[in-house]
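The structure appears right after this line, and notes come after that.
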Amino acid sequence: MASIRKRGNKYQARVNYYDLYTHERKPITKTFNTKSEARKWAASVEADTENFVLLDNNITLEAWIELYLATFRLNNIAYSTYQNEIYTKRRIIKFFKNVYIKDITPIMYQQFLNWMKSENYSRSTAKQTRQLLNNVIEKAVLQGALSNNPCLICNIPDYKPPKSIEWLEAHEVKEFLQLIKKRNIYQYFVCYTAIELGCRVGEALALRISDFDLKNQTVHIYKSYDQKRAKAKLL
């Protein structure tokens, strides 16, 4: 049963929970500016007392993201998605460095979004990064490291319209193939195949002899080479 009491101008919530590691009942306390915030937090903890682990709010953002990915994402999502989130984490830490999770403010978070634009990251990359960081912070709020999510009131800055698509003319393709043939014969055949079939390089790399139907003069393209795992995967 949670208890809430006023301490000066703030409200302290107290919840007892069962520690799965020590097999003991332990109290969790957290202070809020308003009574409604204290009640909301206490209710969320009581709803998940069997799995709740209070975070030390002195944990760094980097350490918490690593814990979040290892606990909530690894083996629960596609491996390629997990790898993408690992790369996204590196992008986040490149800006935040060793900041403690408790010290992240809406202004700091908005500066991060602005920084991504100044570093010429695409809007889609910014949205993907924002989504991961929002999920990470939301879990931290639930675990008691923060009283609210600073990500919720910030916006991705405006981006310029995408540039018009450019392509190589026929004579430029010929020059490109001649140049790459001198450099690496294997790369030449991969690029030549991709150009002739109109497929991606990863799809060309995943092709096998069995994918070519000489009788019907067709090629079956249904795989792509996963460079991170060094194997082909179904599209």
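Using the three backbone atoms N, Cα and C, a Cβ is placed for every residue, glycine included.
If you look up TrEMBL, you'll see 59-141 marked as domain 'Core-binding (CB)'. What TrEMBL records for 163-235 is domain 'Tyr recombinase'.
In the predicted model, the domain 'Core-binding (CB)' (59-141) has a mean pLDDT of 91. According to DSSP, the secondary structure content of the domain 'Core-binding (CB)' (59-141) in residues is 66 helix, 2 strand, 15 coil.
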